[in-house]
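Peer 1: Pulled these features from TrEMBL for this protein:
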- 20-42: transmembrane segment (TRANSMEM)
- 63-80: transmembrane segment (TRANSMEM)
- 123-140: transmembrane segment (TRANSMEM)
- 160-176: transmembrane segment (TRANSMEM)
- 266-284: transmembrane segment (TRANSMEM)
- 279-444: domain 'ABC transmembrane type-1' (DOMAIN)
- 314-333: transmembrane segment (TRANSMEM)
- 393-412: transmembrane segment (TRANSMEM)
- 419-438: transmembrane segment (TRANSMEM)
- 458-481: transmembrane segment (TRANSMEM)
- 532-756: domain 'ABC transporter' (DOMAIN)
- 815-977: domain 'ABC transmembrane type-1' (DOMAIN)
- 953-973: transmembrane segment (TRANSMEM)
- 979-1033: domain 'ABC transmembrane type-1' (DOMAIN)
- 980-998: transmembrane segment (TRANSMEM)
- 1004-1025: transmembrane segment (TRANSMEM)
- 1070-1304: domain 'ABC transporter' (DOMAIN)
């Protein structure tokens, strides 16, 4: 093959030699396909994606491939025919048709094999046809040029154009997808299937979650969470078994040294689980970094081209298109890098959240005391997100230094040792980097090498321009745009390291022993006939705590009903927790045969429909479901619920009464059909006739659970005769055990207790629920739907939200920041234009004369640029910090003043999310995004200005490019988030083309300046689009915070001119004067024209049926509900006129559901340290908690877990009573305060209330009628009005509503 330079390079009509066309260009696609085939066939063999029926598309592809084989071998036979006729051809004429023909047969085989393996769209063949068309373009042109004169070889001329038409057709056909495969068991990538449809849908309407395709299985939590957990388990095992096996002598030596065990590394687990996939993205990043240096070399050739006036024009066009394709290739590779980074980040976040959630379910009770729910939520929402943020910038740790080193290497090739001056400055500035802003360092580093180069190589004008353009493209891309990324990366890295430590510490907490309960279905030994067996059980809540249960021996036969009774704090709930494996087992053995269902004392309700709460993921069975509703007495409730069983239930069952919640919880357990049922006092929250119905139809011998093993914790005694066995617990030990009759015959303490309380059974009124009014039936009529207040992320972010953020920063400060950014970019443009003009001095022989002025002006512009960067960066940081502070303060202040109704109707997780995730975004993510957006925006703007100034004709293409950019950014972006670096690549192309067109008018300095800025714009536009997208996403946090910052607030905490006297109320006289109240505007009144007067010191019992308004009345005293009419006065002071703090600090309430905080017991009793220890112990004694507390090693400093979970519900109620005894305000409200307390302790508590609050006004919502029979008066409410109000004796004699209730309770004849 002979290469003729004058025919290829130095001519205006270049062409490649025919030998080159027949060899290299023909073989290149073939080599690719043969190399790609073996691994691809192996992959298809291992991954069968189904079977695709033969379609028209597949038939056409196959026929075209076979015709291509025929065409190629027609050339081969034509060559043999010429040889036969004596016209000898070179070997290439035999080899090429043979190779290409066989390759076409391989392509035909692949078309059919892919169909059989379920491949809908072939990437391998698409690339093959694309390469074939690309390599055929040169021969296509050559044969057209030959045809202008004469066609020397008509056969090959015809066969080639047939070949070109067929491969072009195959390329077009490859763009179409086959129909879905049959019998597929592999996920197909849905992106290509729905992208266009989704883009159109997103253009018309905002996209919602339901519009998205399903996630790839390999990215689902089902796959990624177990993957991380496996690595973490291995890491923990490795850390626990570092030493391996040792001889006794070695063990003795090791024990003497007592080396601290090595902590497991969560980071190592993350790397092992997701590192290999991330490394693929790193490889793409390395490739992209290397390709970055191709365009500066092409720019060097382009500048050389502009100097050669006689150079062929096609050189310039070729260089322009090469620069375009290089930039395009760089873009495609960079996108692959980001794809791998984002997917890795998504998998990291998903797996970390899953690991934390799993851990939160199995950590020990001791660990729960150190990790509150809020902290766990913060780990999942904020700390996990930081790992996702980190993956995008992690590769910069090595990428940025690599690119700077390579740039300095290329500079060394051209400038020699003078580059060391710039390197020296960079090294010297490293210590300063820790103390000053990153961008200031960047500009100082950038300025110094530039000035040094000017001083040393001023005579080589054009070469200096070329190399300085490379410096701008490479160094400046890191020291101008990348400082934002460096800052973001360093900040994110530091935060991620802190998050890593927090997550690792949490995941390293001790776990409950999942093997502490033997759950084998077939028990063996002498206890094999028992469903539940406990032998010599000794249990504690935490290893450092004293045992809560001692010497527990228990055998529950299959299908029997066991009742567990005892005083408050004796260990009833602890026994249930021990059977569930929730306690630390110190000694003994537990075995449970079969599955377990648990009904807690405080019902757990999901934020879902009532039906979903009962089904709990099980399949819906109409008959079974209806029987569960009937058995649990829920059928009547469906009639009053707005949507029946499809009514949306709020968080924690906010729109259900306490009894309804408990019955839903019980129905869930019944529907589950377990083998063993653990029922922790489920009847305490329902009234007597409902309790009897539930026992008869669910729990009792003839109930739905007959034949199941049931362990029932109860304070009621009316059902004890119907149980098989009774266990009496006293101080964590089994005191007595046997049947009802056996215990009576033993005549022990339990028999005495039965005789004392046999006539005083529990009478419960479930209507009152808790002190929060929204638990009553009335709120069911509000058509309450939690999701109605869902976050409004489904629409485009309005400009109003951006304006709100601008107002938080400060409008004038915002304008000043934009002005500073404009100035710093103007300084940068000035410096580069000055540099370009400087190079022209060499052509005019003015280098020596102007050196001082050139260096001085350039240095001044560089220094000004550095100062402006520092000032603008600092100003923006201060503005962002101020905005974050204002937004957070407004949110916090509003939530402190928000009415209780807001928290009752808003999931607490949503509120926590505002203070964690959204504030995190405003604090950390949003400032960085704004910083990057402003930097890239002004960088892109300055690029356009420079290019238009250098080549004015470029202004022609700005309008169409701007239109495309705006269309994609504003309209298409919400749907597919298209990255539009292609527009930047087009700018590179047009800048280079116009430089070629106007090379006779442009000097090399302007060409270098224009194209170098164009090379920068791809990165600028890339990050501008990315930051615009992130800005739109992150600004939603401002919208969400503003929404909760502007919610309706309560009345003022204090009203200075209406403050009551310090000793108010001195008497405790309460009057309701024609008082009415409703839950909100437009709803019916729940209290209607209530008028009554309560003298100071009176004890008032409040009773009534469901929805009577009992809780509403008590809550009106606290102004949790504001009056719709009338007044409430306390000692003559209208409570509507004074501040809420002044009112509520003078009232005390003991709620049915006790509220305890994470902290010491003393803090829960006396949060403001107003009382001494003697007073605290006195309160504990009066509330009958002193014995329990004194037995604790920490005494008053006993650590309460969040919500008081390490105390029984009864003990928590007693803590609330002790808190009330300490405060001892003149007015006390009790809302079913003794619901979870046994009868004997309840009597003692009632005695304490009578004596200690003798001179106080007490309002009691009656839970047990016997507790208010000696009260001063009883208030009977009916439908929000006073039905009866008198002494208990007179009400009984009137034989009205109260008499009927007392008769039902067995307190009247």
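Cβ coordinates are placed from backbone N, Cα and C, and glycine is handled just like the others.
Note that this is a predicted model, so its numbers are computed, not measured.
Help me understand the surroundings of these features in the structure.
Peer 2: Within the chain carrying the transmembrane segment (123-140), a Cβ under 8 angstroms from the stretch's Cβ atoms is held by residues 15-16, 21, 25-26, 28-29, 32-33, 36-37, 40, 107, 110-111, 114, 160-161, 163-164, 167-168, 170-171, 174-175, all 6 or more beyond its ends.
If one looks beyond the transmembrane segment (266-284) by at least 6 residues along the same chain, the residues whose Cβ comes under 8 Å of a Cβ in the stretch are 224, 227-228, 230-232, 234-235, 333-334, 336-341, 343-344, 347-348, 351, 387, 391, 394-395, 500, 503-504, 507.
Long-range contacts of the transmembrane segment (314-333) within the same chain: residues 12, 14, 284, 287-288, 291-292, 294-295, 298-299, 301-302, 305-306, 979, 981-982, 984-986, 988-989, 992-993, 995-996, 999, 1011, 1015, 1018, 1022, each at least 6 residues beyond the stretch ends and with a Cβ under 8 Å from a Cβ of the stretch.
Outside the transmembrane segment (980-998), and at least 6 residues removed from its termini, the chain residues within Cβ reach (under 8 Å) are 295, 302, 305-306, 313, 316-317, 319-321, 323-324, 327-328, 331, 334, 943, 947, 951, 953-954, 957, 961, 964-965, 968-969, 1007, 1010-1011, 1013-1015, 1017-1022, 1025.
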Peer 1: Do any residues of this chain, six or more beyond the ends of the transmembrane segment (160-176), have a C-beta under 8 angstroms from a C-beta of it, and if so which?
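Peer 2: For the transmembrane segment (160-176), the list is 57, 60-61, 64-65, 67-68, 71-72, 121-122, 125-126, 129-130, 132-133, 136, 139-140, 143.
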Peer 1: Which value does the mean pLDDT take for the domain 'ABC transporter' (532-756) in this predicted structure?
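Peer 2: Summarising the domain 'ABC transporter' (532-756) by its mean pLDDT gives 85.
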Peer 1: Per DSSP, what is the residue tally for the domain 'ABC transmembrane type-1' (979-1033) in helix, strand and coil?
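Peer 2: The counts are 47 helix, 0 strand, 8 coil.
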